[in-house]
């Protein structure tokens, strides 16, 4: 047993090393005064100054965050409604069909989703830009939220609702007082999932951006053609630290008062 | 429930606050009003200082957007969902865009600075009377090699690459026309050859090169060569200039059998809204001083003959990047071979890539 545990630790260590080494490597070279990702010359903050003084890049970062927050929030609301609808469908066959349709959207390649959105928006006469990016991000996030919320719904004991009904709760009261609080952890999980999907999406966004609107993934990709400038390293480092802060915040919140904030699950 | 609502309200408020900030930033930068020129260019293909200067000079604000391949850019423009006032496609893409009616004709009264362009860069087969495009940068395809790793040996021709001593030493760019063109040139054929027997012969010759090929890669070729991962690379001249600037053991040569001469030209897509601004921008970039500044920043060769006077001697006089085109008559521009022929090139290139070493 002891041996197994030791091997388990080694395994974990290797996995974490593989995942974090590239990030550490990237962060290390963001302080390189030489212009490239080799030959560390001397320490400099030049690339950070570059990033912070580049207004266009700043706008793009903010765009990315705005799209992520809005699309995740809207997709979560739609996804919860969708999950409830699927849950309340009586016929098993209809239910399976709906779930299958939901899953198809999750497994279909981003490129195809992106290209079809591009066609849709141009046919519908929607100008490419903020709206088109937001709409497509909402669209591809909804199925993920449904998939996060639905298992929790299935897990919910029907007696809980029966009890609430017996005590005289109306439909609305059952929903807002019993079902939604019970679902809260998975709703937040869905929200954060959608947030990360939106933040790192490249393929779909690439097709539907336009008119001066751009997100980070698209911008970094087109900059990388000429070799990745170290200011991209600096920016990535900042973003990494920012997400770390978010994760730590989330952790503290769920530790301190999971119940209070409705996140982090039952204890 | 209340906590959920509060949580989501907080998210929305945060999003709207950020949106407001972005809006204000956009306005501060001048992107808010209608006075903008949208430029669609390759990534990192302009000196940002020039954009600021253009804005100061004319009052137009520039929205600078980037693409990474001619194909992606054409798809975006053909779809028409977005406004682009100026774009910078390459030669073969221009003839395709003209064919598909994606471009607006230029108004030469608004482009007085065109007089500074070297006449030999005008009237080229992809846009015969320059009705739609004016040159931005040009360059060649050639060989970057590491003198030290080759032990002082120099390379002057495509055929040198087939030398058995170069086993596993060559990096190729992942481009069907470039690699097939290199094989065709090495056999003495034209880059635009459409004779299938010649193409088959070129493919067979490429197969014999395979033992020497270390990898067929994309843009990372620059990094790999600068890091001395391989001694030889087949690249575009602008990339070569960048690599050499990074590692001075490297040298660049345009092979004597001939090679590709390529152009990136400025055009006005049919989706343009601000045609006045587009002409102003193009004219601005044609100004010798601006062209020189841009060439120095980007590293590619400028077609502006007056700009050469403003460039440092060691750049303008560098025969590797400003070859004497009169004696280098063997340089050819890619012609649009048509869908069918292009597919054949791609097919052969794919077969070459797939074979076992």
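Cβ atoms are placed via backbone N, Cα and C, with glycine included.
Bear in mind that TrEMBL entries carry predicted annotations, made automatically and left uncurated.
Annotated features, as they stand in TrEMBL:
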type	residues	note
TRANSMEM	A:12-31	transmembrane segment
TRANSMEM	A:57-89	transmembrane segment
DOMAIN	A:61-250	domain 'ABC transmembrane type-1'
TRANSMEM	A:101-124	transmembrane segment
TRANSMEM	A:130-151	transmembrane segment
TRANSMEM	A:172-196	transmembrane segment
TRANSMEM	A:202-222	transmembrane segment
TRANSMEM	A:234-253	transmembrane segment
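Counted over residue pairs separated by six or more positions, the transmembrane segment (A:172-196) shares at least 3 Cβ pairs under 8 angstroms with the transmembrane segment (A:57-89), which defines the two as touching.
Packing against the transmembrane segment (A:57-89) from elsewhere in the chain are residues 51, 95, 98-99, 102, 130, 133-134, 137-138, 141-146, 148-150, 153-154, 175, 179-180, 183, 187, 190-192, 194-195, 198-199, 213-217, 219, 231, 235, 239: each is 6 or more residues past its ends and has a CB under 8 Å from a CB in it. In this chain, the transmembrane segment (A:12-31) lies close to the transmembrane segment (A:234-253): three or more C-beta pairs between them fall below 8 angstroms, excluding pairs fewer than 6 positions apart. The stretch in closest packing with the transmembrane segment (A:202-222), judged by the count of Cβ pairs under 8 Å and taken from A:101-124, A:130-151, A:234-253, is A:101-124. Same-chain neighbours of the transmembrane segment (A:234-253): 23, 26-27, 30, 47-48, 50-51, 57, 61, 192, 216, 220, 261, 263-264, counting only residues six or more beyond its ends whose CB sits under 8 Å from a CB of the stretch.
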